[in-house]
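Annotated features, as they stand in Swiss-Prot:
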| type | residues | note |
| --- | --- | --- |
| BINDING | GLU176, ARG222, HIS450, ARG491 | L-aspartate binding site |
| BINDING | ARG222, ASP223, GLU224, GLN231, GLU484, GLY536, LEU537, ASP538, ARG539 | ATP binding site |
| REGION | 200-203 | region 'Aspartate' |
| SITE | GLY84 | site 'Important for tRNA non-discrimination' |
Amino acid sequence: MFGRTYYCGEITEKAIGEKVVLKGWVQKRRDLGGLIFIDLRDRTGIVQVVFSPEVSKEALNVAEKVRNEYVLSVEGTVVAREEGTINPNLPTGKIEIQAERITIINEAKTPPFVITDQTDVAEEVRLKYRYLDLRRPVMFRTLQLRHRVTKAIRDFLDGEGFLEVETPILTKSTPEGARDYLVPSRVHPGEFYALPQSPQIFKQLLMVAGFERYYQIARCFRDEDLRADRQPEFTQIDIETSFMSQEEIMQLTERMMAYVMKMAKGIDISLPFPRMSYDEAISRYGSDKPDTRFGLELVDVSEIVKNSSFKVFAGAIANGGQVKAINVKGAADQYSRKDIDALAEFVARYGAKGLAWLKVEEDGLKGPIAKFFTEEEQNGLIRTLEAEAGDLLLFVADHKTVVANALGALRVKLGKDLNLIDETKFNFLWITDWPLLEYDEEDGRYYAAHHPFTMPVREDLPQLETNPEKVRAQAYDLVLNGYELGGGSMRIFEREVQEKMFRALGFTEEEARKQFGFLLEAFEYGTPPHGGIALGLDRLVMLLAGRTNLRDTIAFPKTASASCLLTEAPSPVSEQQLEELHLVVNSEKKSEQY
């Protein structure tokens with residue numbers, strides 16, 4: 001074999017006349033009777049190789065045996081393509097290689113799907129043969145983008161004086177948040193490690209240790225129900241700083257994101273990012289992670305309709321609820337009664353009991369509920385919703401949470417269905433002024449809105465144990481195009497405040513000591529004020545790559561059932577392994593192994 005001199009996708013007209021050596025995979029082979037054309041592919045792209053008897057009968061004979069995905073080494077001369085054969089869709093489309101020698105490095109079975117960007121093969125097949133799926137150029141480009149993003153983050157933070165420090169993967173299980181992945185200890189029978197849901201406690205301990213500026217491209221693990229933008233193991237950009245204010249951390253994050261966008265995508269973004277309070281986001285968009293690339297904002301019309309004869313609206317308001325509406329501009333003729341019924345079924349998934357509607361015509365409002373509103377009420381709706389002839393008004397009446405969830409989801413659906421979203425935009429947004437705690441009706445207790453180490457707003461501290469739902473957090477989330485990129489906060493750094501927080505979350509003194517005693521003790525040794533942020537790398541790459549599935553940004557992802565179709569993990573283990581770990585599997589359906 002002979003050493004490579006060029007990558008396939010990097011040969012240009014400047015190389016015409018040169019002898020080159022290429023290595024790669026056969027993308028396509030065409031036999032034109034006496035001439036064979038092979039599209040040779042490597043990670044940089046494709047180049048056309050021509051085998052002819054005039055140049056080398058021996059090479060032509062070998063080329064006749066070649067099939068798709070064979071691995072080849074080819075030596076030949078770069079020549080210009082003839083007029084009429086130029087391919088403007090290829091960077092190498094003006095040249096081709098006249099092959100003089102060819103070596104079949106390895107043969108290949110016929111793949112279960114064609115190795116091209118466009119494929120309609122089931123995702124399960126792609127995941128089972130992930131090594132073939134990753135040959136598709138679109139997959140390589142996505143992972144190449146991931147590399148550029150990660151490199152840009154490291155370069156930026158290094159320039160800001162941050163140290164990359166690795167924290168433990170085998171750690172202690174804590175009860176907050178999602179379920180832990182547990183790892184049994186062989187040397188400590190009946191005891192378990194947990195895989196980290198985040199490096200949260202360790203990065204705070206690094207601040208106690210005086211490192212001041214830490215970051216890590218951290219692997220994290222959560223045993224939770226999955227969806228398209230979740231994975232059981234994921235990667236986050238983890239940052240922690242001492243002696244910096246919330247404002248300074250947010251500005252640092254903005255500068256980092258601007259650097260990443262420039263280095264990874266060649267895009268300039270404007271700073272600072274817009275900011276919106278949590279309450280405003282819920283009020284205007286029905287979401288704490290709003291997509292601001294399009295309108296369709298929620299408008300509260302409760303005051304206008306509270307005394308109307310439409311009992312659904314009046315009753316909801318009388319019971320402490322609200323009525324909100326979305327004005328879908330110019331959509332009155334686009335939605336039939338059947339279409340609106342389908343939208344009603346959609347909002348029902350989010351708890352809404354119905355979807356009321358009105359169409360705006362030149363002489364007023366029309367629709368099944370129009371008769372219940374006086375002329376003054378109709379004019380009030382038209383004025384408040386800035387409605388014009390041809391608009392479609394959609395209403396939900398219920399408790400505030402149901403209204404926000406239902407109309408927030410409907411807003412996103414309408415934005416997609418009506419092509420209102422500018423897919424070329426990257427709209428970053430800070431969500432601030434979060435509640436510190438959230439009350440769970442089922443469990444009858446409070447949970448941390450972010451995590452138990454978030455610092456409350458100082459002036460709200462006296463209410464932490466008496467009126468916890470009123471306490472605000474020094475927390476901030478970064479949103480991009482309707483996705484939560486990540487969240488950050490100032491951290492509790494005083495033992496007394498941390499103990500108050502644990503009590504508000506329902507921990508007994510003994511439980512807090514058992515779970516977090518080491519952290520509470522650390523706070524007694526001169527802990528600096530500190531804060532940070534964690535951003536989802538997988539999700540960031542998904543958005544920058546224009547993908548809709550998180551699995552497309554990870555080399556070897558898990559399915560929605562947290563399994564790996566390639567390696568067939570998780571899998572049973574031997575009886576001997578279980579004995580060494582002091583474990584017994586309690587299952588009616590045991591594998592034959594057991």
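We count from 1, first residue shown onward.
A Cβ is built for glycine as well, from the same backbone N, Cα and C atoms used for every other residue.
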Cα-nearest neighbour of HIS450 (L-aspartate binding site) within the listed binding-site residues, GLU224, LEU537, ARG539:
GLU224
Using only the Cα atoms of ARG222, ASP223, GLU224, GLN231, GLU484, GLY536, LEU537, ASP538, ARG539, which the record gives as binding ATP, return the largest interatomic distance in Å, rounded to a whole number.
19
List the Cα distance (Å, whole number) between ARG222 (L-aspartate binding site) and GLY84 (site 'Important for tRNA non-discrimination').
56
Nearest-integer angstrom distance between the alpha carbons (Cα) of ARG491 (L-aspartate binding site) and GLU484 (ATP binding site):
20
Between GLY84 (site 'Important for tRNA non-discrimination') and LEU537 (ATP binding site), find the distance joining the two CA atoms and give it rounded to the nearest Å.
45
Across the region 'Aspartate' (200-203), what does the mean pLDDT come to, as a whole number?
97
So, three-state DSSP: helix, strand or coil for GLU484 (ATP binding site)?
strand
Please compare the binding-site residues GLU224, GLU484 by how many other CB atoms fall within 10 Å of each one's CB, and tell me which has the fewest.
GLU224
